[in-house]
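Please read the structure below before turning to the comments.
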Amino acid sequence: MLDDFFTRALIAGIGLAITTGPLGCFIIWRRMAYFGDTMAHSALLGVALALILDINLMIGVFAVAVAISAILLLLQKRHSLSADSLLGILSHATLSLGLVIVAFMTWVRVDLLSFLFGDLLAVSRLDIAFVYGGGILVLALLAWLWRPLLAATLSEDIAQAEGLNPALSRIIFMLLLAIVIAISMKIVGILLITSLLIIPAATARRFASTPEQMAIIASVIGVFGVIGGLYGSVEFDTPSGPSIVVATLAIFILSLLPLHRRETSPKRTADNEQSSRS
């Protein structure tokens with residue numbers, strides 16, 4: 001079954017969608033979409049360094065994403081620039097630096113379009129193993145740290161009062177995001193991975209009543225987006241990565257129809273729980 005390119009693409013895409021659903025919810029709650037873009041853009045620099053060092057591309061992307069996270073944390077402590085300014089500088093600097101390095105690598109044939117927009121139909125069995133191995137690790141850590149991450153998202157002061165470490169939660173969240181970006185690069189591409197993180201989560205927020213429901217619904221929406229996007233890609237001969245994003249966007253637009261719904265946030269859930277106790 002795995003010899004069929006479409007089946008491999010479908011299996012890898014579904015695995016990625018299941019993983020990005022819960023993680024995307026935290027990006028929405030923490031308002032970190034721009035941070036996700038910065039991490040994703042830095043992936044091209046990771047690709048360039050991986051090609052120079054002749055190592056696995058996913059390892060190179062993960063290493064650079066971790067380094068960018070560390071640099072961002074260090075610069076934020078100095079308070080010399082706003083977070084948005086730092087993210088903007090790092091986002092465009094790493095993307096441009098990666099493009100320049102790749103341009104100088106005349107001894108290697110690099111398909112930039114596949115890195116920028118994904119090449120899901122060329123996914124190998126090893127890629128599937130990376131997607132599911134990394135996905136299982138991310139979901140396991142999210143399940144283990146769900147309550148501390150939610151508490152830190154709601155209020156870092158409350159989290160500290162409860163004996164939690166918001167700074168550690170932030171670092172772990174960045175590492176999880178780095179893993180997801182590394183395993184998703186070949187599927188939807190550097191420029192589109194943030195869309196697969198944000199759009200399903202934003203759609204799920206309109207229908208879920210608890211954070212846990214929102215995470216599950218986001219994964220389901222992502223899976224439907226992958227299936228619809230892949231079939232559309234084959235039917236209309238369009239790039240697979242952008243097709244998946246368009247499919248998830250269509251689901252989001254449908255969610256805007258005037259139906260009864262409620263948006264979910266950790267703060268409102270905490271308020272509801274407090275009201276029910278009183």
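Every residue gets a Cβ built from N, Cα and C, even glycine.
Here the structure is a predicted model, which means the values were calculated and not measured.
Copied over from TrEMBL:
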- 6-29: transmembrane segment (TRANSMEM)
- 41-74: transmembrane segment (TRANSMEM)
- 86-108: transmembrane segment (TRANSMEM)
- 129-146: transmembrane segment (TRANSMEM)
- 171-202: transmembrane segment (TRANSMEM)
- 214-234: transmembrane segment (TRANSMEM)
- 240-259: transmembrane segment (TRANSMEM)
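The stretches the transmembrane segment (86-108) and the transmembrane segment (129-146) are not in mutual contact, being linked by fewer than three Cβ pairs under 8 Å (pairs 6 or more apart in sequence). Most Cβ pairs within less than 8 Å of the transmembrane segment (6-29), among stretches 41-74, 129-146, 214-234, belong to 214-234. Sequence-distant contacts of the transmembrane segment (41-74) (same chain, at least 6 residues past either end, Cβ-Cβ under 8 Å): 35, 86-87, 90-92, 94-95, 97-99, 101-102, 105, 108, 110, 115-116, 130, 134, 170-171, 174-175, 177-179, 181-183, 185-186, 190-191, 193.
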